[in-house]
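Features reported for this protein in TrEMBL:
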TRANSMEM  6-30  transmembrane segment
TRANSMEM  42-59  transmembrane segment
TRANSMEM  65-88  transmembrane segment
TRANSMEM  100-120  transmembrane segment
TRANSMEM  126-147  transmembrane segment
TRANSMEM  159-180  transmembrane segment
TRANSMEM  186-206  transmembrane segment
Amino acid sequence: MDNLSFFVGVLGNFISVLVFLSPINTFCRIVRNKSTEEFESLPYICTLLNSLLWTYYGVTKPGAYLVATVNGFGVVVETIYIILFLTYASRKVKCKTAQLVVGLDIIVFAVAVLFTHFALDGDVRINAIGFLGAGLNIVMYGSPLAAMKTVVTTKSVEYMPLLLSFFLFLNGGIWCFYAILVKDPILGVPNGIGFFLGIVQLALYARYRNSTNSSSSVEPLLVSPPLPATF
């Protein structure tokens with residue numbers, strides 16, 4: 001069982017790296033068109049916060065170096081995404097994005113680190129950080145609900161492409177399976193939700209992928225990347 005859980009954990013880390021890299025097509029389009037168009041920065045800002053929290057968790061918990069490394073990679077990648085977004089966003093969107101970065105990625109993270117470091121210790125501190133990360137994962141796994149509503153109302157999958165939905169499904173599924181193996185409900189709950197939402201998105205994509213309202217000339221876009229929840 002230990003060997004199986006280790007193998008699934010390593011596989012989960014590999015998939016998490018792919019998840020972090022999944023929005024590359026989106027940002028290639030943004031750079032090419034020199035515009036962020038209708039894309040939102042919030043998913044990337046929240047993903048950065050999530051990666052920061054799990055990197056802190058990995059550094060704090062003994063033996064959790066894999067968590068720190070894969071999410072540290074996520075911090076670097078998401079920071080690059082946000083810089084590119086700020087570079088090509090309109091003035092109004094740029095101001096809004098900057099405010100969100102300061103509020104969430106700097107202030108919220110700093111408060112979380114200071115509170116858990118000075119007010120808590122031992123396993124209580126580790127569990128508190130884990131609950132914060134898991135809670136954010138649940139919120140972020142639910143973020144595609146708006147895109148799913150758009151797909152149903154417009155009958156177009158332009159802004160909810162197959163690759164994103166597949167990564168949400170795969171990432172949630174592998175970490176949910178890992179959580180079952182190691183009996184970790186904190187890990188299992190958010191990723192179980194992500195796995196379910198991934199199935200729903202794949203079903204919607206299959207239903208509306210041939211819709212006449214979808215633009216066949218648009219490349220696959222990755223708008224709201226799912227979060228890798230790694231323990």
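Note that the numbers count up from 1, one per residue, in the order the chain is shown.
Yeah, the Cβs are placed from backbone N, Cα and C, and that goes for glycine too.
Automatic prediction, not curation, is the source of TrEMBL annotations.
Outside the transmembrane segment (65-88) by six or more residues, the chain places 9-10, 13, 16-17, 20-21, 23, 27, 30-31, 33-36, 39, 41, 44-45, 47-48, 50-52, 54-55, 57-59, 94, 97-98, 101, 228, 230-231 with a CB less than 8 A from a CB of the stretch. When each of 100-120, 159-180, 186-206 is checked for Cβ pairs under 8 Å to the transmembrane segment (6-30), 159-180 comes out on top.
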